[in-house]
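> My questions will all concern the structure given below.
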Amino acid sequence: MTVAIQRQSRKPKDMSDRRRAAFERAQSARTQGAKPRSRYREKIGSGPKPLGFYMIAAITFILVAFGLVMVLSASSIYSFNKEGTPWEYFSRQVLFTVVGIAGMVTAITFPLTWFQKHTKRFPSLTFASILPVFGVGLMFLAFLPGIGTEVNGARAWLQIGPQTFQPSELMKLFIIIYGADLLSRRESEMGNLRRTMRPFLKIVGLAAGLALVQSDIGSCVVMIGIAAAVLFLAGAPLRPMVGLAAIATPLAFLFIRSSPDKLQRFTSFLDIYGTRDDKSYQVYQSWISLSNGGLTGTGIGTGSGKWGYVPLSHSDFIFAVLAEEMGLLGVVGLITLFAFLIYFGLQVALSCRYRFGLLLAGGIASWFLLQLVINVGGVVGLLPVTGLTLPFISFGGTSLIVSMVACGLLMNVARSPR
């Protein structure tokens, strides 16, 4: 009887406990036979790297190379008309790639314990908790005249000399790092919402609200989605998460209805053909490009959409150019690469024996999945167009560099003690 009572007391009490127990079972199954370790302080990289490390590295470089080819093809006409040379945007993307490689290598070798170290000046704060404050500060700078600049209707950019910088891209990664740090340190307090969900959601809500005010709706949606994924992986109670979603949904609806332009923008995808000359012009033209591609495509560099028919063909709508020039086979190949990247990212998360690494890797994988679905869904007309880039493929320095750094962190978690 005593044994039965003890076993009963160890059963998970609610859905969040069962979710945490399931993650723990998955982790223990993948790390059977491993010796107990304290944290990340052991020497890493001394033994052979796991398969996930090499696969993430290979997929990242294939996607980056894929993106360089598509940026050259999609931007050549636009670049020639604007800059007088077809190589301008491609040259910039090559430079961004070099910076991204440096950032990725740094992220691979960077000690993850640094994020969870407490600062000397403010002992109650970790370095990870300072990152989102820094990110929010950068987002506020976008409102200052002479510093912030508007790009494609969104005042979410900083002008730094001849280059522009989008703080919201950096903020997505900061949210993941902060959430992983906070929720791993307070694992035993997941039922205490004041200690876990509330401080995390305050930062997320502030950043998402700033993105919304800046008309960067895509980043707002991604930040909220990333936060939900990290909370879910951490085993947060589902009931308050559902309650927050129930509150946020009507508020989002009211925001959309606040102006006719916003309402038409978010409802035009329901009648793309009827609004093809106005709000759905981009999507309708991308449909034409998609249909022209067929099975094998028209050939790289020979698509017609980039000749001014598909606006932003080198950035937000580069998927349409890719589908036209590489066809269904190219689309399937690209989606497969992303699927493998996300799969190995989740495998790395489940294989990591430390909660911070699990949440960090799982959050990054969820971010890539969410942004892929929203971008491709908008281009093909299944979702509203939100202005998000396609990671690794679209032209854009901030997006490319931050995505490569995120992959470096994934590889860092993969090479951690198992």
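In case you wondered, yes, glycine gets a Cβ from its N, Cα and C as well.
I grabbed these lines from TrEMBL:
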type: COMPBIAS; residues: 11-23; note: compositional bias 'Basic and acidic residues'
type: REGION; residues: 1-43; note: region 'Disordered'
type: TRANSMEM; residues: 51-74; note: transmembrane segment
type: TRANSMEM; residues: 94-115; note: transmembrane segment
type: TRANSMEM; residues: 122-144; note: transmembrane segment
type: TRANSMEM; residues: 203-232; note: transmembrane segment
type: TRANSMEM; residues: 238-256; note: transmembrane segment
type: TRANSMEM; residues: 317-344; note: transmembrane segment
type: TRANSMEM; residues: 356-380; note: transmembrane segment
type: TRANSMEM; residues: 392-414; note: transmembrane segment
> Considering only the recorded stretches 122-144, 203-232, 317-344, 356-380, state which has the highest number of Cβ pairs under 8 Å to the transmembrane segment (238-256).
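Comparing 122-144, 203-232, 317-344, 356-380: 203-232 has the most Cβ pairs near the transmembrane segment (238-256).
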> Tally Cβ pairs under 8 Å between the transmembrane segment (203-232) and each listed stretch (122-144, 356-380, 392-414), then give the stretch with the top tally.
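Most contacts with the transmembrane segment (203-232): 356-380.
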> Under 8 Å between C-beta atoms and at least six residues away from its ends: which parts of the chain pack against the transmembrane segment (356-380)?
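Hits for the transmembrane segment (356-380): 23, 27, 40, 112, 115-116, 172-173, 175-177, 179-181, 183-184, 218, 221-222, 225-226, 229-230, 233-234, 269, 283, 286-287, 290, 316-317, 319-320, 335, 338, 341-342, 345-346, 348-350, 386, 388-391, 394, 403, 406-407, 409-410, 413-414, 416.
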> Six or more residues out from either end of the transmembrane segment (317-344), which same-chain residues have a Cβ under 8 Å from its Cβ atoms?
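Sequence-distant neighbours of the transmembrane segment (317-344): 51-52, 55-56, 59-60, 62-63, 66, 70-71, 73-74, 282, 285-286, 289-290, 292-306, 310-311, 365, 368-369, 372, 375-376, 379, 390, 393-395, 407.
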